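Everything on this sheet refers to the single structure shown next.
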Amino acid sequence: MSTAAAAVGRQAWRKLARNNSTAAIRRTISLLPKSQQFRPTSSVPAFTANASKAAPRFSQSQQYRSYSSGGSSGDGTKVKFWPFVLVLAAGTGGWVLLINRQKNMPPNPKQTASSSAKPTPAFSPSEVTVLFVLGGPGAGKGTQCANLVNDFSFHHLSAGDLLRAEQDRPGSQYGQLIQDCIKNGAIVPMEVTVALLENAMADAIAKSGSKKARFLIDGFPRKMDQAFQFEKVVCPAKLVLFFDCPEQVMEGRLLERGKTSGRADDNAESIRKRFRTFVETSMPVVEYYDKEGKVIKVDATPGPKEVYEDVKRKLVGKLGENF
């Protein structure tokens, strides 16, 4: 038997061994040419009927799951994960490269300046003294401020007067808004009030010809956010003058004033709204500054002269004779 025939025979035996079937061996031998039909040598194991019970080629623990990249599913298809890994690796590498590049870039001067810049007040507290004057409507704030202007060279700025002047100014974009807020006893948006106060202070300082000035800010701040905004962009307050007065006394004064003032908010309904607004929004401001040790509390129930004597005494005691 030739060498080629022997090779063909060996391949056939290997195939039969894999099929593991005696009947298949016989059928295959019968199909071979007679010159290639030969019996297996002793090196090829004989197959018996029990050969079909041989142990499987792979144990269960060695088999792969169908969704694993290491094995195949029942239909012979393979799910390969390496393309996804490649894409993920490329994306991560690009992101790291971009971050490193940004770290190595010099900072933008404009961005650095804008991020590091902090809002500074328009006026320095070493040159400008600000006293907030608070009290319920009708407590006599305006009367006492007029006395302080005469004796201590203060500039008196009434937030209410500035708002009413802006309301009546021709072409004012805030006129109707201010009118509605005053009529309903509501608080005008703080951006409007703070801007009006800052402009009025700048005008007063410009007219005086000196950088040093004293201001009584009457009826402001009416809310905590107004206080914080004013001190951040205009000037920190030195003290708070708080005129404490019962609501019945204040209501009587306002109704009497309303006979001649011509103010839209000097009526019983608006007065009661203003009382509620003051208690709910302005008293927390007084309490906050009181904890800071910046409140001078004055009983505003007596007559104007008695109240003013109390104001002067307490103000001098707090700031000194030469403040």
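From the backbone N, Cα and C atoms, a Cβ is placed for every residue, glycine too.
TrEMBL labels come from automatic prediction, so no person has curated them.
Matching 34-64, 158-188, 282-312 against TrEMBL, the residues noted as region 'NMPbind' span 158-188. The feature region 'LID', as given by TrEMBL for the ranges 102-112, 256-266, sits at 256-266. Around ARG274 (ribonucleoside 5'-phosphate binding site), the C-beta neighbours below 8 angstroms that are at least 6 residues distant in the chain are GLY136, PRO137, GLY185, ASP265. Residue pair PRO221 (ribonucleoside 5'-phosphate binding site) / ALA139 (ATP binding site) shows a Cα separation of 16 Å. Here the binding-site residues are GLY140, GLY142, GLY219, PRO221, and the one with the most other Cβ atoms within 10 Å of its Cβ is PRO221. Spacing of ARG164 (ribonucleoside 5'-phosphate binding site) relative to GLY142 (ATP binding site) is 15 Å (Cα to Cα, whole number). Rounded to the nearest whole angstrom, the C-alpha distance between GLY138 (ATP binding site) and GLY219 (ribonucleoside 5'-phosphate binding site) is 11.
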